[in-house]
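What follows is a short report on a single structure.
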């Protein structure tokens, strides 16, 4: 009995010791977690500050260089240079009536001024000053002496491609992207990198590293995204030509918001080597690099310059298809499909008015315009687009955001993505009687659960593309005129209205070339008509959409032009037609 008693007492003592030890270990563990979290936040802040310091230093260095050049060359007529179209600028540079130095420093000076107002640049590429000194070796290039801006995720040797996330800081690119290499070979001078939204999958333009980029027409509005820095800089006159990337409207939306032209080519037409995505491996909805500029001719010239033997040699995965100038310059009457909404997103009155005015101009010019109805856009948005881009339930994207703050523009999306899987499924069931759009979105955000389901999802995308092309051919149309997202949104609405990207992202899913062209501006009557807009579903998203675009009088209104895959020149030709008809009407 004594032995048993001793054993029990021993167990009691050991239990008490174990409890104390466990408590101590838990306490130490908790303390370590707190220390680690604090240390992580401090490290993130330090990284952000270093990136901001690099930007400040590059801006200051550029200001000094501009001041020195202007003092030595007081006769440089910057205003005249900045007023030239890209076609006229390249012509005068080739002829020698303009020197590359005057052009470069005029645009650098303007960029610095625009950046101070709009916060659109992430750094000045200081190597551009050295490239300027040796530019004569590329005098035969189609873009000889042209300063070009590039989106922050376009690789440039020794510069970061952060995509607006902390984890990507202090990881400079080891080499130029193929597009940058080709631009340099064609005589262009990449001179600045431009801002984008955190993690790219958003059509605002703000991140915790470089802050919010604002619209060149209205400081209360966003410039759009994800190529929003490009949109703001070109729209503000600081760049004549820029390179962005587009996975859901990321070139076209900032073009629409900022009153410029933007073109998303067929994916694969231009090299994507060195264009950094937020994560790799997603193949359902394809991204594409492309140009932004003030006019369509500039987009076409950029495409012509990039589609050269040098690019085909550097990236053999790109089909060796030079730019078809004959198609671009054709004046053959077109048969044009036309839609005012896609059955999922209702554009505001100003965007519909812009579409109708362009439709009338096209008909007056001898083109045939026929009504077109897209196939099952609601199904495509949830089951093909969202499930494709976020097949892992957004886990990879959330992982990329660890270790740093989440930008306010992205928070609504992240809150939605972060809902536990079981709760998404419950909410999908509970909300089904009350909302036609939110429950399917919650279901799609659950992602796919197995390899066979991934394969089925990919097969469904292929089927949808085939069905849409067959549907297009039944209408016997050459191109499509359809709405753009716009006008420019008030801040902090883009992340709450990802549904609106149906208007643009559908063409990434289909891999159709598409472009945005400004055609009008918002009128007081448009604002009055907006008050009566109810939307297709009259749900929360429709109400938010109305608030997002309010207060837009004077802002640009754009339309979207679309063609079948690999018909990039035809799409640009259609964009040019729209641009010219609108211009002639104004005159």
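Glycine is treated like the rest: Cβ placed from N, Cα and C.
Among the features that TrEMBL reports, active site, charge relay system is placed at 151, 226. The annotation active site, acyl-ester intermediate is assigned in TrEMBL to 250. Per TrEMBL, the feature substrate binding site maps to 200, 226, 247, 248, 249, 250. Sequence annotations record features per position, and here TrEMBL assigns domain 'Amidase' to 106-572.
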Spatially closest candidate among 151, 200, 226, the listed recorded positions, to residue 250 (active site, acyl-ester intermediate) (Cα to Cα): 226
Nearest recorded site to residue 151 (active site, charge relay system) by CA-CA distance, among recorded positions 200, 226, 248: 226
Distance from residue 226 (active site, charge relay system) back to residue 247 (substrate binding site), taken between C-alpha atoms, in Å: 9
Taking residues 200, 226, 247, 248, 249, 250, which bind substrate in the record, the widest Cα spacing (Å, whole number): 11
All-chain count of other Cβ atoms within 10 Å of residue 226 (active site, charge relay system): 35
Alpha-carbon spacing, residue 249 (substrate binding site) to residue 226 (active site, charge relay system), which is rounded to whole Å: 8
Under 8 Å by Cβ from residue 248 (substrate binding site), same chain, sequence gap 6 or more: 201, 203, 285, 385, 389, 501, 504, 505, 508
Rounded to the nearest Å - Cα separation of residue 200 (substrate binding site) and residue 226 (active site, charge relay system): 6
Env. residues of substrate site, Cβ within 8 Å of mean position of 200, 226, 247, 248, 249, 250 Cβ: 201, 202, 203, 225, 227, 245, 246, 251, 253, 287
Fewest-neighbour residue among recorded positions, criterion Cβ within 10 Å, set 200, 247, 249, 250: 247
Within the predicted model, mean pLDDT of the domain 'Amidase' (106-572): 97
